[in-house]
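The annotation active site, cysteine persulfide intermediate is assigned in TrEMBL to C104. Among the features that TrEMBL reports, Mo-bis(molybdopterin guanine dinucleotide) binding site is placed at F245, I246, R247, G248, D249, R250.
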Amino acid sequence: MDIVSRQKIRRFEAGIFQEIESSVATEYPLTIYVNDQELVTIVCTPEYLEDLVVGFLTSEGIIRGPEDIDSVDIIEATGHAKVSANFVNKFNAKYRGKRYITSCCGKSRENFYFQSDASLVNVKQNSSLKLTTNQIFRLMDKFEQNSATFHQTGGVHNAALCSSAEIIYSRMDIGRHNALDKIYGRALQDGTTTEDKAIIFSGRISSEILVKTAKLGCGIILSRSAPTELAINMAEELNITTVGFIRGDRLNVYSGFERIT
């Protein structure tokens, strides 16, 4: 399925209108069923859907990890993801059913967000990763090179999992949470360790994005944008290093200063 479509638009520039074709991001509703029970519909970008399903179910505490899944059947034509699981978290089971998570990931995600995240409050990240400023600038340059769809449409979020030297996975989605869930799902399925890795994110570091980073087990998050006050406070509690405004040869470190040299 195409992740970008071409649309005829009218652009106003230099005092005149012109009819041109523009690239726009595809918005795709995916309904996840677990053991024939409808769980949720996520509006997403239609690629790496199995990664999204595995990452979402694990990060929201529905399952413990990919070992709890027997099979995932993605039916693109109908927008269904059918998951056969040998274990489902009983605490979260009662929250199943007909939730709709939009690409903006606002109020519709609140129940999932607070129910599955309370246990993180006292869980500090013990990442061994440290980065120099030069390593950060090089990683951000590589991240930008992998962001073709963002530059083409301006309508998606990008995320990457990286070591000190290279980008390991890069995923994009119209939903900022989805991009990180796709990263998480791929890492889980590959058995990739995350404690010695960092997250690069294209947008603002909100408290929700900070929590997603904690769930991935990463101790550093990098962004061209800035963190919110709540995200910084949570980062200090969780021992996560937040680095923002990475532009040119400058950056700001907001928490976890000891990991950046």
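Note that Cβ sites are derived from N, Cα and C of the backbone, with glycine treated the same way.
Residues F245, I246, R247, G248, D249, R250 make up the record's Mo-bis(molybdopterin guanine dinucleotide) site, and a Cβ search at 8 Å around their centroid adds F137, R224, L251 from the same chain. Each of the binding-site residues F245, R247, G248, D249, R250 was assessed for Cβ neighbours inside 10 Å, and the highest tally belongs to F245.
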